[in-house]
Amino acid sequence: MAFVSFLGRVLFASVFILSAWQEFNEFGVDGGPAANSLAPKFRVFSKHVSTNTGLQVPVFEIKYLVAAAIGMKAIGGLLFIFGSSLGAVLLLLHQAIATPILYDFYNYDTEKKEFAQLFVKFTQSLALLGALLFFIGMKNSTPRRLVKKKAPKSKT
């Protein structure tokens, strides 16, 4: 059963690790295609946050955000393979931050093609988020095996 669990973690983490590897290979000087597609969505997200909460999102280069996402996915995925809760938390943070920014279906009319595509990707990302929450919950709810000390035998 331990091998099946390990295989499941490898397959699950491969989604994140392969994505990080692809983005790393395409990164270039400016952050690559990931930064180019993220920049307008991040501006819209920042505008929503500032108008609805009154908080200003700090200004920084998108390539640093992409680099941080690559790092979170790669390190989190590798740690997750070995059953680390820290890896699951890193992947959880990535999903929680990236999902509403990348898959902004709420900015499109329901009749448009982009709405359906983004909504499907959004729900798939929520499923990954749910699986990570499930893993963290199961990891924290299983009792740790206690090493029982054998009572010394009395000499008679």
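Along the chain as shown, the residues are counted starting at 1.
Heads up, the Cβ atoms here are built off N, Cα and C, so glycines get one too.
Unlike curated records, TrEMBL annotations are generated automatically.
The signal peptide annotation in TrEMBL covers 1-22.
Counting same-chain residues at least six beyond the ends of the transmembrane segment (78-103), those with a Cβ under 8 angstroms from any Cβ of the stretch are 5-6, 9-10, 12-13, 16-17, 38, 41-42, 45, 69, 72, 118-119, 121-122, 125-126, 128-129, 132-133, 135-136, 139-140. Feature annotation from TrEMBL assigns transmembrane segment to 78-103 (among others).
For the transmembrane segment (115-136), the residues of the chain that approach it from at least six positions outside its boundaries are 12, 15, 80, 85, 88-89, 91-92, 95-96, 98-99, 102-105, 108-109, judged by C-beta separation under 8 angstroms. Residues or ranges marked as transmembrane segment by TrEMBL: 115-136 (among others).
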